[in-house]
Amino acid sequence: MTGESGAAAAPSITLNDEHTMPVLGLGVAELSDDETERAVSAALEIGCRLIDTAYAYGNEAAVGRAIAASGVAREELFVTTKLATPDQGFTRSQEACRASLDRLGLDYVDLYLIHWPAPPVGKYVDAWGGMIQSRGEGHARSIGVSNFTAEHIENLIDLTFVTPAVNQIELHPLLNQDELRKANAQHTVVTQSYCPLALGRLLDNPTVTSIASEYVKTPAQVLLRWNLQLGNAVVVRSARPERIASNFDVFDFELAAEHMDALGGLNDGTRVREDPLTYAGT
């Protein structure tokens, strides 16, 4: 299946709850309502089926409008949203899920994530309990976490006996998250990457541009392909339709092992987003 741009539809990965999720999706963090509607519409047109938003982004309603206008059948879509830190708690997380559904104009989300563990707040386990309830009531097909460390995930599993389906984390060659990816895999948790382009910081990197020229691909396409070949699912943000089409045109080539290693070797621990160990969350 291809969209008008020629970009192939992303393959899917099976989660530990047996639901399936596309391996590549559109993120809409920090986009205005107008930008969000245009971006989601453009993504759906070229075959993207995973849309990732959050209460904290303030654009759930815009995502919902674009989905409604697209004519794409609900069962073809995979919609993710996230629980904000102020809504952590057993009851509040369930109320927040229903409120997100109202804004999205949907009966359920495919994936509901705790946006940040927010250790200073100390409520993520209670929030997880509420999300288990939301899943049981059919408001969320799958539930997971974002920005969680291995210790946070182990704590959830030990206290609730329910394993997250996904851990969405900052991941790019400057922060390759090898140890956390291994820990996720040990618990059958899918690693989903955000900021795969390191907010653009890697687009002019000599290693990246050199590899891109060898494959006659853009630096962004090479960075996305690297992430996908690690076995990760990926969410990539863009407001520009032509860039969205290019970002999803990454399934017709494969990076050689030496190029994978060269990109992974750029790891220096650089974060472009907040540190989950100390951040109180949004």
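Heads up, the Cβ atoms here are built off N, Cα and C, so glycines get one too.
As recorded in Swiss-Prot, the features of this protein are as follows:
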type     : residues                                             : note
ACT_SITE : Y57                                                  : active site, proton donor
BINDING  : L197, V235, R237, S238, A239, R243, S246, N247, R273 : NADPH binding site
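A map of Swiss-Prot features onto the structure.
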| residue | record | Cβ contacts under 8 Å, 6 or more apart |
| --- | --- | --- |
| Y57 | active site, proton donor | V28, A29, E30, L31 |
| L197 | NADPH binding site | H172, L203, A220, L223, L224, V236 |
| R237 | NADPH binding site | L26, G27, V28, A29, E30, L31, Y194 |
| A239 | NADPH binding site | L31, E35, R38, A39 |
| R273 | NADPH binding site | E170, Y194, C195 |
Max pairwise CA distance, angstrom, over record-listed NADPH binders L197, V235, R237, S238, A239, R243, S246, N247, R273: 24
For R237 (NADPH binding site): DSSP state (helix, strand, coil): strand
